[in-house]
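Beneath this line is the structure, given in C-alpha cells, with notes to follow.
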Amino acid sequence: MFSKQPRPLAFVVFILTYALSVTSLPADIEKGRRKVVHVLEDDTGAVIVQTAPGKVVTHRGGSITLPCRYHHEPENTDPARIRIKWTKVTDALQFEDVFVALGRQQRVFGSYKGRVFLEQAGPGDASVIIQNVTLEDYGRYECEVTNDMEDDTGFVNLDLEGVVFPYYPREGRYKLNYHEAEDACKQQDAILASHAQLHKAWLEGLDWCNAGWLEDGSVQYPISHPRDQCGRKDTPAGVRNYGYRHKEDERYDGFCFTSKLNGKVYFLKRFKKVNYAEATKACIRDGSLVAKVGQLYAAWKFQLLDRCEAGWLEDGSIRYPIVNPRSRCGGSQPGVRHLGFPDKKFRLYGVYCFRKNKDETAGGTETTKSLSNSLTRRNSSNSIPVNATRVI
C-alpha cells in the first residue's frame with residue numbers, strides 16, 4: 001500500500017473567452033469550429049491556467065459578460081478569503097483598476113462605477129457584467145483571483161462592433177499631433193482606433209492614402225489598391241506602418257473608431273438650403289443637434305442611412321452617406337462622401353441632425369434595476385443567466 005501524500009494547495013483559474021455577438025452563429029459554422037485548450041502545469045502536475053482563445057463582442061450601449069471561472073484546492077476553502085480583481089490593461093502595459101471583491105465587500109473604480117457587477121452564477125464564478133458599454137471600454141482585461149498566498153490570472157479581450165474612419169480638421173491634412181488627434185476623435189463622438197480595428201477595416205475594403213495616428217501612438221494607413229502616389233504600385237496591399245512617432249512634435253491625420261448610436265441621425269428636410277448658423281438653429285428647433293462626423297458614420301454603418309444630399313455636420317464639413325452607390329452620388333463604392341470644409345456663410349447645403357433616444361436615461365435606470373433584481377434572484381437560484389456567454 002502506498003501512503004497518501006498531502007496535496008499542495010493549487011489554484012486554478014479558468015478564463016473562458018469566446019466570440020459573443022448580438023445574433024448567434026449558424027449551426028453549421030458552430031459545428032465546424034475547433035475548441036482549442038491551452039494547459040500549463042506546475043512541477044506538481046496541478047493545472048494552473050486553462051484558457052479558450054477568443055473574445056467577447058458587443059456594441060456601445062450594450063451589456064456584456066467578461067467570463068472568468070476559478071477552482072481551488074482543497075474545496076473547503078473559505079469563500080470570504082477569495083479576492084477577485086479585474087483590471088484593464090493598455091498597450092503601454094499600464095493598468096486601470098476596474099473592480100475588486102473580497103468576500104461580500106466590493107468596490108468599483110472610475111468610469112466603471114454603477115456599470116460593473118459580479119455575475120455570481122455559482123461557486124467559482126468570477127465573471128463580471130459591464131452595463132452600458134462605452135467606446136473607452138474596448139480593450140484587454142485581466143481577471144486575478146487570490147486565495148491567501150496563491151493567485152492566478154487570465155485575460156479577456158472586449159471588442160466592439162463599429163466603424164473606422166479617417167479624420168482631419170478644417171485646417172487641412174497632417175495638422176494634428178497625437179493629443180490633438182485624440183481630442184479631434186472625441187469631439188466627433190469617437191476614439192482613436194486601435195491597430196486591430198484599422199486592420200479589420202482594411203480587410204473590409206478601407207483604402208486611405210494619408211497616414212494617421214492610432215491609439216497606441218503609431219502612425220499607419222490602409223491601402224487596398226496599391227498605386228505610385230501611395231507607397232508605390234508594386235508594393236503589396238496592406239496596412240502601411242510608420243512605427244511609433246513623437247506624440248508632440250510630429251503631425252498627421254487621425255483614424256477614429258465609433259460604434260452604435262444611442263439615438264438617430266437624419267437629414268432635415270427643408271425647402272431651401274442653409275448656411276452653418278441656420279443649420280444649427282434648424283436642428284435645435286427640431287429637438288436635435290447638428291450631427292457629428294462619428295455619428296454620421298455610425299448611422300451609415302448601423303442605420304444603413306443612405307442619402308444622396310450633401311449636408312452640414314458639427315465640425316463644419318459637408319458630407320453625405322451612401323449605402324447603395326449610384327452614378328449621381330459620388331462613385332461606385334459605398335461610404336460617407338466628404339466635400340470638404342466650405343465657408344460657413346454659404347447657403348448651398350442641407351443639414352444632418354442627431355436626436356438622442358428619449359428613453360435613454362430612463363432606459364438606463366430600468367436596466368440597472370432589472371440587472372440588480374436579476375443578480376438578487378441568481379444568488380438564490382442555479383438558473384442560467386439571460387446574457388450568459390456561450391462557448392463556440
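Numbers here mean position along the shown chain, with the first residue as 1.
The backbone N, Cα and C atoms fix where each Cβ goes, glycine too.
Quick caveat, the model's predicted, so the values are computed rather than measured.
Positions annotated as signal peptide by TrEMBL: 1-24.
Averaged over the domain 'Ig-like' (46-159), the predicted model reaches a pLDDT of 85. Residues annotated as domain 'Ig-like' in TrEMBL: 46-159.
Under the heading domain 'Link', TrEMBL lists 163-258 (among others). Assigned with DSSP, the residues of the domain 'Link' (163-258) fall into helix, strand and coil as follows: 22 helix, 30 strand, 44 coil.
Taking the Cβ of Cys209 (disulfide bond) as reference, residues of its chain lying under 8 Å away and at least six apart in sequence are, in sequence order, Tyr221, Ile223, Arg227, Gln229, Cys230. Under the heading disulfide bond, TrEMBL lists Cys209-Cys230 (among others).
The domain 'Link' annotation in TrEMBL covers 263-355 (among others).
Of all the Cβ atoms in the protein chains shown, 17 others lie within 10 Å of the Cβ of Cys329 (disulfide bond). Per TrEMBL, disulfide bond is recorded for Cys308-Cys329 (among others).
The region 'Disordered' feature in TrEMBL is assigned to 361-392.
As annotated by TrEMBL, compositional bias 'Low complexity' applies to 370-383.
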Cβ neighbours within the same chain of Cys308 (disulfide bond) - under 8 Å, at least six residues apart | Tyr320, Ile322, Arg326, Arg328, Cys329
Cys230 (disulfide bond): tally of other CB atoms within 10 A of its CB | 16
